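The structure appears right after this line, and notes come after that.
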Amino acid sequence: MEHMFPENQIENLFVGWIKKHIRNGDLTLFEEFFKTDPWIVNRCDKNGSSVFMWICIYGRIDFLKFLFKQESYPGEIINHHRRDNDGNSALHYLAEKKNHLILEEVLGYFGKNGTRICLPNFNGMTPVMKAAMRGRTLNMLSLIKFGADPTQKDYHRGFTAWDWAVFTGNMELVKSLNHDYQKPLYMHFPLYKLDVFHRWFKKKPKIIITGCKNNVYEKLPEQNPNFLCVKKLNKYGK
């Protein structure tokens, strides 16, 4: 009877219970548990997601500020490099969220040298790629400001953050990046990749790179007709 539940199942139930209180914003209870066991922030559920990750996922900035005050130096207690079963870190989840202030809080606390901005998951996806896929312009610019490399490629498809922004149809992000970095879009998304998308996924991307003659969505800053431009596809892929 003393081993009614496996230890890993008990751990998962406990983290699930803590996760529920994080979602509900019960900071007082969390503070009591933290005083008893500070390493509670690194305990994980069955998916490998730590308590610190769930604080980031639920966007509890009050929890984050409490944790940061408890450390003598960044990373003393919090293992912000911990990854779940898919290889995602807390930064991967923060990069996908709309509230970029939480991402700025974490990046500002751990600093440029205190966290691995370009840490990929098991598919080679970095946080800046996740931000590009979701169209989180402010998140992507914050990550780049703290040292993220937007030209790094994932393992399976060989796409950079620039490629994902174009492929997923995030027009505002594409325009913002092109305006900020003044690079022709054809450098980010070569035409040959369109054929790769078609063969692999049996569908066309939402944005394609086309000539600057007809149905042009937007011209590049240089206004050079020899440059390639962005054209938005309709539902028929034209």
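FYI, residue positions are counted from 1 along the chain as it appears here.
Glycine is no exception: its Cβ is also placed from the backbone N, Cα and C atoms.
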Between the candidate ranges 157-164, 181-188, 189-196, 205-212, where does Swiss-Prot place the motif 'PxIxITxC motif' annotation?
205-212
If Swiss-Prot is the reference, give me the range from 55-58, 227-230 marked as motif 'FLCV motif'.
227-230
For the motif 'Nuclear localization signal' (80-86), what are the DSSP-based totals of helix, strand and coil residues?
0 helix, 0 strand, 7 coil
